[in-house]
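Trainee: The structure's right below; bear with me while I get my questions together.
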Amino acid sequence: MPATSSTSTDEGPVARNAALRLIARAASGVIAAGVVLGVGELLSALTGPESSPFFAVGSTTVDRSPAWAREFAITTFGTNDKPALFVGMSVLITVIAAIAGIVERPSRPYGSAILAGLGVVGMYAAYNRPGANGADVLPTVVGVVLGIVVLRLLTAQLDEPSPGGDGGMGRRRFLVIASVAVAVAAAAGVAGRQMNQRLSGVLESRRRVKVPVVVDRAAPIPAGVDLEIPGATSFITPNPVFYRIDTALQVPRLTTEEWRLRIHGMVEREVTLSWDELLLRAPIERRITLTCVSNEVGGELAGNATWVGFPIADLLDEVEVQRDADMLLSKSVDGFTVGTPIEVLRDGRDALLAIAMNGEPLPLEHGFPVRQVVPGLYGFVSATKWVVDWELTRFDRAQAYWTKRGWGDRAPIKTASRIDVPAAFAPVPEGRVTIAGTAWAQHRGIERVEVRVDEGPWQPATLAPQYSIDTWRQWSWQWDAPAGVHNVQVRATDLDGNVQTEERAAPIPDGATGWHSRTITVR
Ligand SMILES: Nc1nc2c(c(=O)[nH]1)N[C@H]1C(S)=C(S)[C@@H](COP(=O)(O)O)O[C@H]1N2
Ligand SMILES: [Mo]
């Protein structure tokens, strides 16, 4: 047939075009999978290394593989068993992704469905890692969504009917999108990897820390200090729910091995302490309630923990602070600064350079490996986390981070009280109702808490025993509640006799004031 000979001369370029197209489709899938993994890796720097889709699947494979498979891997690959696993996973993912690319069409998104399926595997793995939570699926979800977008964009270029029949425009656009996607995936993957390795190193360092055995322990918590009223704040705040306030966009990552505290400025003897050198000293254990100056009346920015640390006053004695110095300017590894009156640090209170919180090394967000805790001062003038530098100086020479931004330079914690129960907007039945909450006036102590309803006479609340003047104190009050909408107010008096003021003040510059009140509907 004459036709045969004519088509056979065209077969070369047509077949080459078809082959190129197939390769481009396969490449689209592989690039899209690269975007999923790269973006996932980068985002896992925020949610934790275990939430990286690639490593979550890898770890899950290791954990779930039967003993014989693990033995086989170890006998076959020896110490290279992990790289072998990663190579195996990469090959498998590449093959699946190439298939996804080949079958994807704008009107039949089968490839997208395959990517989504891989995403479900990644999400499942990330969600089931030990200690994982809902946020750990986010890197995979965002990665898969972006991967599907890239896959659809790329395949759309391949299927675009090309004017002039040469496919020039579509091809050029395909190459541009492909190169951008490859560059973004690679950059995200490398950056994410580096951040994750840093974080893994710090988590490893934290795991190695043993909270020292403390001779000078915190007094045990007597019965009744925690009234254990359902819905009310517990006396000790567990680490996972302890409020967190700082300027760090990314939690500073510092190992104990890297940590140093340089003490300099107006001192007779400059020193730089390493972690091991710090731990040569005798730590003490204390329970201290921290409060943020930004806490609004009735707010939640306060927490009480058991801290282990080294008395700051002893360290200041070691370096011999000059007489005219009046400020300890402490700096964290990310450059944040705090100015604390030396007088307060040396007046006998338990100002600590803390290394442990509620029985564990400091959580990363709360300052690992070393932070300050000073009873009685708001956090912004006392509680430097990730602290690495102490300069002894003067208030008329130096200004700390928040003071430069209009906040005060000395900020003792103001006497405050808060209603915890009944919860806001929760109607209560007529009759006996328990009103309860907490009150604090750190380093002065709480003497009295009073409650009043609808601006009637103040009634004394029942106080829990006072644990220490450095901790908050729980209170409760029984109310014979008549039906209707009522307003309940609370006020505290500290042991210096200061009655909490009714006058409303904003948090800036040195702490909010005013009485906390709650509207309660009684049915
Ligand atoms: N490095 C550093 N330390 C910091 C801060 C900060 O922004 N950076 N914020 C301070 C403030 S304002 C408060 S209230 C406490 C809060 O400590 P927490 O996050 O452990 O509760 O940390 C203090 N230490
Ligand atoms: Mo704060």
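Note: Cβ is positioned from N, Cα and C throughout, glycine not excepted.
Look at TrEMBL and you will find 249-401 tagged as domain 'Oxidoreductase molybdopterin-binding'. Marked as region 'Disordered' by TrEMBL: 503-523. The transmembrane segment annotation in TrEMBL covers 26-46, 84-103, 110-127, 133-154, 174-192.
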Trainee: Restricting to the domain 'Oxidoreductase molybdopterin-binding' (249-401), what is the model's mean pLDDT?
Mentor: 97
Trainee: What parts of the chain pack near the transmembrane segment (174-192), using Cβ distances under 8 Å and only residues at least 6 beyond its ends?
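Mentor: Those are 24, 27-28, 31-32, 34-35, 37-45, 52, 150, 153-154, 157-158, in sequence order.
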Trainee: With helix taken as DSSP H, G or I, strand as E or B and everything else coil, how many residues of the region 'Disordered' (503-523) land in each class?
Mentor: 0 helix, 9 strand, 12 coil
